Amino acid sequence: MTTLVWLRRDLRLLDNPALSHAARQGRVLPVYILEDNEVPGMGRAGRWWLHHSLSALREQFRQRGCPLILRRGNPQQIIEDLVQEAEVTAVCWNRLYEPATIKRDAAIKEQLTFRGLEVRSFNGSLLNEPWAVETGQGGPYRVFTPYWRQAASQVAGDRILPVPELKGLESPVKSNDLRDWGLLPTKPDWSGGLAWRWTPGEKGALDRFDKFLETGLQKYAGYRDFPAENAISELSPHLHFGEISVRDIWNRLTPFEELAGIGRSANKFRSELGWREFSAHLLYHFPHIPTEPFRPEFSDFPWQQDDELLECWQQGMTGYPLVDAGMRELWQSGFMHNRVRMVVASFLTKNLLIPWQTGADWFWDTLVDADLANNSASWQWVAGCGADAAPYFRIFNPVTQGQKFDPQGKYIRQWVPELRDLDSDEIHAPWQVQKERTGGYPDPIIDLKATRERALAAYKSLK
Ligand code: FAD
């Protein structure tokens with residue numbers, strides 16, 4: 001029996017339910033398909049990540065005598081071709097939960113089953129599947145706290161699946177050359193900062209998690225909001241591409257749960273994984289959230305498109321140091337700390353009144369962890385129009401946020417080098433010091449107080 005494993009965002013060998021299932025059946029044909037018509041198309045930072053993740057995974061499969069096949073085009077057509085070429089008898093994959101993907105996968109499953117193949121799909125990326133957590137009345141949750149109370153109680157905590165023994169096919173199957181896919185940037189190659197920061201692939205993911213358990217976890221509850229403290233896991237891109245199993249993470253936190261001092265951090269960390277689950281739950285039940293506000297009254301919000309202001313925000317040239325540090329961290333390294341994401345998103349949607357969808361699009365292109373569920377739900381949360389969102393009138397002040405969460409200005413100095421020589425009591429408001437000391441750093445592009453009032457007035461106009 002030969003089982004084709006269609007790998008998607010489960011680019012790992014450990015605790016991979018579809019791969020383990022296939023290995024138990026007999027010969028395994030692992031395949032990754034680059035879709036031509038993916039909706040929404042992957043952003044540029046994500047493509048960089050995918051290239052390196054596939055390169056690492058291909059090597060893992062090669063070492064086990066079971067080559068990973070790369071093909072490009074329409075998944076249904078490619079799977080059908082491979083079924084013929086390699087005498088495949090069964091097909092399996094781990095499920096994805098974006099609305100368009102669910103529909104597409106269901107159609108492929110039906111078609112292959114109709115042709116007499118055995119088709120199985122598995123949960124390889126969530127602690128609970130989106131439909132498995134229901135309110136007492138049987139519907140979806142809209143508020144995080146009750147959702148997570150219920151969802152956390154349902155986590156099975158089963159032992160994870162080991163890396164399976166793999167038996168490849170006897171005759172070779174044609175594969176594309178990864179380099180021909182053009183996933184990497186060339187003219188110009190802007191990916192130096194990404195390569196400096198990240199190691200895509202399963203080993204990179206597991207090493208990062210080990211490091212977090214050793215040095216970050218103990219500080220997590222107290223310092224996760226402080227961008228210069230290295231108290232976060234930075235696992236989000238690895239989780240997005242499925243290079244590490246969320247069940248593995250969950251289980252490896254269990255020994256810390258009851259430990260004095262660190263137990264609070266372990267539980268806090270688990271509840272952040274809960275936000276990931278909640279976002280997937282929301283996207284599944286409310287498939288319009290990538291483009292439409294969860295709260296319909298926000299459809300009439302008087303947003304203002306302004307390309308000049310948008311460009312200042314994108315380039316980290318707003319004149320507000322914490323915002324600019326975050327946007328430059330994003331541009332240079334494909335990542336931004338969560339606290340700073342909230343501040344820059346609030347600045348865009350409330351101080352600049354630019355629609356949250358415009359910000360989400362920029363994040364989609366530039367984040368290595370760009371994820372439809374997390375990105376859509378988080379942008380809506382900050383903009384005030386999402387499920388269980390921050391109230392609209394909560395407008396982050398980037399100056400006081402900087403003073404509170406980056407009190408020494410260490411994070412700002414790292415990403416905004418023009419301000420490196422300012423003292424910590426000056427760095428959050430550089431317009432108050434002499435121009436010669438701020439190395440060409442721009443003046444604030446807007447007035448915080450006036451734009452805050454404008455935003456509140458716009459919000460009131462909705463009622
Ligand atoms: P940790 O603090 O170490 O948390 C562990 C894991 O929990 C993360 O890797 C992530 O998978 C999950 N998680 C943590 N916080 C959240 C959250 N608020 N919502 C959902 N999952 C969470 N996260 C993405 O993965 N992809 C996105 O595209 C994305 N876009 C965002 C856009 C905005 C405007 C905001 C405010 C947040 C966004 N987030 C997104 C959520 C969050 O900022 C990142 O998941 C987090 O910063 C990743 O860092 P970490 O892995 O060190 O997180």
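Every residue, even glycine, has its Cβ placed from backbone N, Cα and C.
These figures come from a predicted structure and were not determined experimentally.
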With Tyr220, Asp369, Ala370, Asp371 listed by TrEMBL as binding FAD, identify the candidate in Phe256, Phe269, Phe396, Phe405 belonging to that site.
Phe269
Rounded Cα-Cα span from Asp369 (FAD binding site) to Trp379 (site 'Electron transfer via tryptophanyl radical'), Å:
14
Other Cβ atoms within 10 Å is the metric here; tell me which of the recorded positions Tyr220, Trp379 scores highest.
Trp379
Secondary structure of Tyr220 (FAD binding site) (DSSP, helix/strand/coil):
helix
C-beta crowding around Trp303 (site 'Electron transfer via tryptophanyl radical'), within 10 angstroms:
17
How far is it from Trp303 (site 'Electron transfer via tryptophanyl radical') to Phe269 (FAD binding site), counting Cα to Cα, in Å?
35
Filtered recorded positions, from Tyr220, Trp303, Trp356, whose Cβ is under 6 Å from an atom of ligand 1:
none
